[in-house]
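Record features, source TrEMBL:
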type	residues	note
DOMAIN	337-449	domain 'FAD-binding FR-type'
TRANSMEM	37-57	transmembrane segment
TRANSMEM	85-105	transmembrane segment
TRANSMEM	126-154	transmembrane segment
TRANSMEM	190-212	transmembrane segment
TRANSMEM	224-247	transmembrane segment
TRANSMEM	259-279	transmembrane segment
TRANSMEM	300-329	transmembrane segment
TRANSMEM	456-476	transmembrane segment
TRANSMEM	568-588	transmembrane segment
TRANSMEM	600-627	transmembrane segment
Amino acid sequence: MAVDDILHTSQHPLLHSSGAHANNKKKNINFVSLAKWVLKFTMWIVFLAWVALFFVIPTDFGSELYFDWIGATSESPFGYTGSMLLLYSAPIIIIALLAVPYLLISGEDRLQLQEKKTPRFRLWTFPVLVDGPLGVVSAAELIGMILFIVFVVWDGYFYTAVVLRTIPDDIPKEQCCFILINLGHRIGTIGLYCLAFLFLPVARGSVLLRLIDIPFEQAIRYHVWLGHFTMLLFTLHGLLFVIAWTIEGTLLQEMLQWVDLGISHFPGVISLVAGLMMWMTSLYPVRKKKFELFYYTHQLYLIFIVFLALHVGGFIFCISAGGIFLFILDRFLRFCQSRKTVDIISIKCLPCGTMELMLSKPANLRYNALSFIFLQVQELSWLQWHPFSVSSSPLDGKYHLSILIKVIGEWTEKLRGNILNSSRVDLHLRPQTKITASVEGPYGHELPYHLMYENLILVAGGVGISPFLAILSDILHRTREGKPCLPRNILIVWAVKRSNELPLLSTNDMELICPFFSNKLNLEIHIFVTRESQPPLEEGQVHEATNSSPFVSNNCNMSVLVGTGNNMWLGLYVISSSLGFVILLYLLDIFYINPYDISPWWYTGLLFVICMLASVFIFGGIVVGLWHLWERQNAAREACKDDRIMVEKMQHNEIEAHEDSCQQKLASSINTYYGSRPDFKDIFGDISKKWGCVDVGAIVCGPPSLQTSVAKEIRSQNIRRQRNHPIFHFNSHSFEL
């Protein structure tokens, strides 16, 4: 009996503790889910209200609400500027602030890899337009474009109606220049509405892009579309004024006008000229042939923004200030990150002319297998940053990432020459050429797209195989380690011009990463060599790569300030900068503008821009400084340099030991076709028969023509699909330089 009592008293607390732990865990999960739902619902409400504002304001009802709002809020210390700031810019900044706790509490919970029993249709992954000048456009993107065009037409209609109602009956038609001027004002206002969205997609590490999981290489498309539309409106805005002034005979006087009260014309002329230069050089033919001209001219956005603020004044500039402020936040972080020199651990020159660079990174820097970085080499240019896909998995090593660079242009040719020169030494054993690298990023999907499907089709052209090497390595690592990973069937379709590019595929040792991977993963590789009709005579021979160790030894890792940086520090940075902006505006109004009755519109616009910049540099800069110190302390604690070198040497020796087995495994799954191009109709048709009723994720990395061909066939397959056919989901990856 005593024994039973002892057992009862000893077991009951354990059972009670286990049950309590399970209940607490369940409560925590429920609390996190509820918090995420509340945050998401609030952000949607704020966003929809913000968008509805742009639709409602031009109407009579919206005008009444607008003047009631101005009357109720303009008596505050912030005046009209505060009223406009709360109305137009505060909503998008509030969404960014709410996105910070959402990302913090989401964490790894955002990756929910659940098996899908039935295929699902998604607007984001269904290609609708594939042959037009816009490239591949998904259903969701098409809906967004239609809604945006409806918005512009809606505003244009109501603003035109307002202008027509103000035309007096007794004014002759030849003297109705005010019609053109009023229309110009209304079109300029619509242009400011578009400008409110223009800078959001180019904030590479923005919390907004991470919130909605749109990587920068896809978001840049929206910036291009919005840029064309915005500059078209601003150009029409300026043209109407020029026509009116020409009719009145006061063109030169009006263009040079710079007044204190009202809108100053001369700053607007400067802003428009800068915008036109950026617009003209960003057109595809110019950007393709003269990339440096496009890149350098695009830095005129600073002049465009500053003189736009001088043109319209502080309170009108508030219409677009929210998106511009978030861009400044991102740009300052990128500037801080890019000032750091990054060690190049090793360089490998492959026989096909492609270079593999291994860059040093801290262990706490996160990225996924579809990420990319921007690389700058100071010896080549202090201003040029070029994007390159990451070719290594985050599981390949804690202290490095790799990129593949193909020599296809002037910049990459110079880089290869510098690398070859850096491997040579003179009589004093000193390098002839130094290589100094700086990095921005990594950027990419917040969620690993490639892990969310049991069936993957990876289509690459040339060096576009680079991110797929990272994907394959990531899947193999996860399969070996038992981490969440859905893919079980993988088809790689790779089109190359020459057979000398084939060694790129063997840069990863699959057997070393995951022994006996063929038992766990169904992998097929179809290679199409388009410009060779038959295998070369030396097929099967292994061409050795040239390895070199660059003479950069500063013990410097990549910075974690942008890309997928620490969410806590990023949140503190956004919050402190936003609060600092409000504080500086308040102090400016209380101690300067109101006491001294500062009234010139252009001057208040300049002060507003200065407050935006100062809030980021001062308040945000303090957080960035603390963030940098925290990063340095982590790096010192890890003492990663010696460990990293040891790991690299061990990996190198193991790769040599397993090279033969890797080649044998690959040979059984590779089919090489010479003198032909991939027929995606046959390929996708065979996949439908083999894989059955499933979702299929298709990722394309290559030139626009390749993306168009794949998207066209995916659309056809989905339209013609029957009950036993899969649904194909399309995702493109553009940065394969």
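Just so you know, glycine gets a Cβ as well, placed from its N, Cα and C.
The recorded stretches the transmembrane segment (259-279) and the transmembrane segment (600-627) share 3+ CB pairs below 8 A when only pairs 6 or more apart in sequence are counted, and are therefore in contact. Sequence-distant contacts of the transmembrane segment (600-627) (same chain, six or more residues past either end, CB-CB distance under 8 Å): 81, 258-264, 267, 305-306, 309-315, 317-318, 321, 324-325, 328-329, 332-333, 336, 561, 566, 569, 572-573, 576-581, 583-585, 588, 593. It is 568-588 that, among the stretches 126-154, 224-247, 568-588, forms the most Cβ pairs under 8 Å with the transmembrane segment (85-105). Taking the domain 'FAD-binding FR-type' (337-449) as a whole, pLDDT averages 79 in the prediction. Looking at 37-57, 126-154, 224-247, 568-588, the range that has the most CB pairs within less than 8 A of the transmembrane segment (300-329) turns out to be 568-588. Taking DSSP states H, G and I as helix and E and B as strand, the domain 'FAD-binding FR-type' (337-449) has 16 helix, 42 strand, 55 coil.
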